[in-house]
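Annotated features, as they stand in Swiss-Prot:
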- 11, 59, 87, 93, 104, 114: ATP binding site (BINDING)
- 117: active site, pros-phosphohistidine intermediate (ACT_SITE)
């Protein structure tokens, strides 16, 4: 398996609850190298653009409001099989269904406030990384 990259965000709920350090520790302990990292806040327009794929879904408005209500931590991670391995590390969207030892089992409070985002494909990882990090911010 080739080394590749994935994108993650620590969402506003986890940031507000003081879980940044613990989540980053789980990520690095999971064998991921953090190659880009920043604390930022999405505007409503940013959140709408980032989640445009969900625009027709009934939860879209709540998602946009949630993701723009406070700071997030955006990161690009590197590891062999990065996308799939990170999806395993974060766990199921519903924290009640997430496996023990996953980020969402430890830090998510609900399906809507599930602590972290992880790219679902190599293609989306590249798109999502470029959305948050200018070329010279990607190392």
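A Cβ is built for glycine as well, from the same backbone N, Cα and C atoms used for every other residue.
Largest Cα-Cα distance over the residues recorded as binding ATP, namely 11, 59, 87, 93, 104, 114, equals 21 Å. The binding-site residues in question are 93, 114, and the one with the fewest Cβ neighbours inside 10 Å is 93.
Listed in sequence order, the residues of the same chain lying 6 or more apart from residue 104 (ATP binding site) and placing their CB within less than 8 Å of its CB are 90, 91, 92, 93, 95, 98, 114, 115, 116.
Taking all protein chains in view, 12 other C-beta atoms sit within 10 angstroms of the C-beta of residue 59 (ATP binding site). The residue listed as 'active site, pros-phosphohistidine intermediate' is 16 Å away from residue 59 (ATP binding site) when you measure Cα to Cα. For residue 11 (ATP binding site), the count of additional Cβ atoms within 10 Å of its Cβ stands at 25 [all protein chains shown]. For residue 117 (active site, pros-phosphohistidine intermediate), the same-chain residues 6+ apart in sequence whose C-beta sits under 8 angstroms from its C-beta are 7, 8, 9, 11.
Around the Cβ of residue 87 (ATP binding site), a 10 Å sphere holds 16 further Cβ atoms from the protein chains shown.
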